[in-house]
Amino acid sequence: MITIHFTANFQPLTNMEKPPLRDYTATNAASAPPLLNTLTPSRRTSLNRAFAAVYTCAIVALFYRHTQTLFSSKTLVSFYVTLTLFVSDLILAFIWANGQAFRMRPVYRKEFPENLEKVVKTSDLPGLDVFICTADPYKEPPISVVNTALSVMAYDYPTEKISVYVSDDGGSAFTLFAFMEAARFAAQWLPFCRKNDIAKRNPDEFFATDYKMSSETEDIKIMYETMKMSVEHVIETGKISEEYNTSDDVRQAFSQWSIDGFTRQNHPTVIQVLLDKNKDKDITGNSLPNLVYVSRQKSKTSPHHFKAGALNVLVRVSAAMTNAPVILTLDCDMYSNDPTTPLRALCYILDPDMQSNLGYVQFPQEYHGLNKSDIYACEHKRLFKVHPIGYDGLSGPNYLGTGCFFRRRALYGGPSTLILPEIDGLSPDCVVNQPLTAPSVLELAHHVAGCNYENQTKWGSKIGLRYGSLVEDYYTGYRMKCEGWRSIFCYPETAAFLGDVPFNLLDVLSQNKRWAIGLLEVAFSRYSTITFGVKSMGLFMGLGYSYYAFWAILTIPITTYCLLPQLALLNELSIFPKVSDPWFLLYMFLFLGAYGQDLLEFVVHGGTIQRWWSDQRMWIMRGLSCYAFGLTEFVVKSIGIPTEGFNVTSKIINDEQSKRYEQGVFEFGVPSPLFVTLTMAAIINLLSFIVGLVHFIVDGGSNKEGLIMQLVLTGLIVMNCLPVYQAIALRSDKGKMPTKTTVTATFLASAVYVVASLFLK
C-alpha cells in the first residue's frame, strides 16, 4: 500500500483563503501526521499488461490472415468482403488498443474525513459554491431540482460557507416559485437533518424510506408535502392556490413574472437572492446557506453554448458574489446521498502533495431506481467507475459533468499559467467583502450574465468550461488535462450522489447520440485526442481519451458484423474459417478473450452477469442506432448542413412506463428513425438464423463446417434482439413497436437482402 500523509507543508488554495493548520510538530512529535487518504495499486495490473501483450500478438496474426486473404482473393466478392472485415477489425483493434490505457495502472483510493478536523479548524474550511443547472420545467420538474438543492444545503459543513447557485436556462417562473418555497422550507429542514443526523437529506427520498416516526418528523413531512403540492399546482394551473400557506412576498414576486413572457430563446438576466447567510436564519437561529437563482440573459442573435454557457455564467456570477475557492457542479437530478461528501473531497484538495496541480475531485455517477437487469445499461459501469479507476493511476479521471469538486483556480489556465479574466473582480483570488445584495455586487453579477459579455474574451476557450463540443464535461476535463492539471477519483462505499435513470429507450438512445456527436467534435478538432492529446498528456492518457472520442465509429464494425455474415449465410457463403482450420482457434481466442476480460472487470466492480448481458445488448443497439445516426449527423454538420439542436433528456416519470421498466420490458412506444435501423437488423438476423439453421440441419453439404461461426454469431445477435421481436409481435401495451416502424424496417430489410443477394452471388 502506498500511503499519502498530510504534513505541515501546506500551501494556500488561493490568496483569498489561507486555512491555518494546527501545529502537530510540538504536540505529536513522536507520532505520524494525520492520515487523510491512501492509494493502493490494483493487483490485476501485471495480469492486464501480460494479457494485453498476448492479445496484441493475436490481433497482429488476424491482420496477417486478412492481408493474406485479401491478396489471394480470386473474385471481387471475396475481395470486398475481406476488405470490409479488415476495416471493421481495424476499428475494433483501434478502440481496444485505446482501452488498454485504463488497464495499465488502475488504483484504488480511500479517504479519512474524520481526520480532517485534526488538520484544519472547522471555521477555517474553504468556502463552497454549488452549481445546479436546469433548463426545462416540463422535462426537469422543479420539485426535483429543489430536492437536489436542499440535499446539498444540508451538508455536514459550515452553512455560512455554502452558497448554492441555481441556473435556470428555461427562464421559468415555475422554477423561481419552487425555490422561493424551498427557501422557506430550508429553515425547517436543515436543523431537522442536523438534529436527527439524517443520512438522506433529499426530502423526497427521506420520506420514501422507513424513517423513524415522531411528531416532529410528521410536522416536517406535512410542511414538505404542502410545499410540493403548491409547486405542482402552480405548474399545472399557472396560478398560486389560495389554500397553500405561501407568503405575500412570494405571491407578489410570482405575479410580476409572465408565465409565457420568458422563453428559452429571448429573456433578460434575472438574479434573485433567495437566502442570504448574513440575514436569513433557520428556526434554531443558525445561518442558512446562500441560495441564489440565476436566469441568464438570452437572445436569438447570440450563441448560448448550452450547459457550458450556463455554467460559465455561474462561475462569473459566483465570483462576483462569493468567489469560494471550491466549486461543486451538479446535475439537477443528481442529489447528495452522503452529507460528508465535501469533507471527503477536501481530503485531497487540502493535501499539500497534490495541491499544486490538482484541478478537481470527481465522484462517480450512480443511480437509484435501476431495475434488476438494468435493461438500458444506464449504470454505465465502465464510463463512471471502471475506467475512472484506470485513469486515476495516470493523471486522473475525466470530468463527468456532475458530482465534481473543482478548485476555482483550475478554471483559469494551467497550474503555472494563470489567465486573468478581463475584470479584476472575477479573478479566482479576489476577496469579496460586500454582502450578496449590495448594489455593486448585483450590478456586476447582472453584467457578467449578459449574453454578449463573452464576446472578445477568453471565456470558453482559455477560461471556464470550454466551448466547441456538445459534451462540455468531457471536453473541459480533457483540455484541463492538456494544460497540466491532474484529478482524483473519489469512490466511497456510500454513494456520494444518486441520480434518476430514463425509463424510455428513445431518451437513452437520443442522449447517446448527442454524446456521440459531441465526442466526434473533439476527435476531429484542432485539439484531437490522438494528436494534440497524446502530445500534451502522454501516450496512455491520449489513448484513454481517444477511446471515447472515437466512440461513434464503432457503428462501422457493429453494423458490419450484424449484417454481412448474416447476408452471406442467407446466400450460403462462408466468410469465416472452418472449425477444422487452425485459424478458427485464433478467432475463438479473440472473441472469448475480449468478452471474458470485459465480463471479469464488470463482475469484479460489483456488476452481475445479468447486467453485463444487458450492457452487451445495449452496446449492439447503440451501434445500430444512435452511433450510426450520430456519425451521420456529425458528417452532415461538418459540411455545413444545419442539424437539430440540443434536446434536454426528460426527467418526467410516466407511471405506465415506470411499471414496464420495473418488469424489465423495453419501451418502443413512439416512432423514431433510431428504431428503424435496429428493427431492420433484427429482422435480417432472425431470417438468416432460421434459414441458416434449416440449411445446416437438412442439407449442410460440404460448406456445413464453414458456416458454423456465422450461425453462432447470428444466434447470439438474435438473442440480443429478443426485446425487439417481442415488441413487434408479442405485445399489445403502449410500449410495443409502432406499426409504421415495423413496416419501414421490413421494407428496408427486404431491399438490403435483394441487393446483397445480387452482389454475393
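Backbone N, Cα and C atoms are what each Cβ position is placed from, and that goes for glycine too.
What TrEMBL lists as active site is ASP169 (among others).
The Cβ of ASP473 (active site) has ASN398, TYR399, LEU400, GLY401, THR402 as same-chain neighbours under 8 Å, each 6 or more residues away in sequence. Annotated active site per TrEMBL: ASP473 (among others), in sequence order.
The UDP-alpha-D-glucose binding site annotation in TrEMBL covers LYS139, GLU140, ASP169.
The Cβ of ASP331 (Mn(2+) binding site) lies under 8 Å from the Cβ of ILE132, CYS133, THR148, GLY401, THR402, GLY499, each of these being in the same chain and 6 or more residues away along the sequence. Taken from TrEMBL, the feature Mn(2+) binding site applies to LYS307, ASP331.
Here TrEMBL flags 47-64 (among others) as transmembrane segment.
The annotation transmembrane segment is assigned in TrEMBL to 76-97 (among others).
Among the features that TrEMBL reports, transmembrane segment is placed at 545-564 (among others).
The transmembrane segment feature in TrEMBL is assigned to 584-604 (among others).
Residues annotated as transmembrane segment in TrEMBL: 624-641 (among others).
Look at TrEMBL and you will find 674-698 (among others) tagged as transmembrane segment. Listed by sequence, the residues of this chain that lie at least six past the ends of the transmembrane segment (674-698) yet keep a Cβ under 8 A from its Cβ atoms are 506, 509-510, 513, 559, 562-563, 566-567, 569-570, 572, 621, 624-626, 628-629, 668, 704, 707-708, 710-711, 714-715, 717-718, 721, 724-725, 728, 737-738, 741-742, 744-746, 748-749, 752-753.
Feature annotation from TrEMBL assigns transmembrane segment to 707-729 (among others).
Below 8 angstroms of C-beta separation, residues 77, 81, 563, 567-568, 570-571, 573, 668, 671-672, 675-680, 682-684, 687, 728 of the same chain, each at least six residues beyond the ends of the transmembrane segment (741-760), sit close to that stretch. Summarising the annotation, TrEMBL assigns transmembrane segment to 741-760 (among others).
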Surrounding CB atoms that lie within 10 Å of the CB of LYS139 (UDP-alpha-D-glucose binding site), all protein chains: 15
Stretch contact, the transmembrane segment (47-64) with the transmembrane segment (584-604), Cβ-Cβ under 8 Å, 3+ pairs: yes
Stretch in 76-97, 584-604, 707-729 most in contact with the transmembrane segment (545-564), if contact is a CB pair under 8 A: 76-97
Cα within 10 Å of ASP169 (active site) - qualifying binding-site residues among LYS139, GLU140, LYS307: LYS307
Pairwise CA distance, LYS139 (UDP-alpha-D-glucose binding site) versus LYS307 (Mn(2+) binding site), rounded so that it is a whole Å: 15
Proximal but sequence-remote residues of the same chain as LYS307 (Mn(2+) binding site) (Cβ under 8 Å, at least 6 apart): CYS133, ALA135, GLY401, GLU472
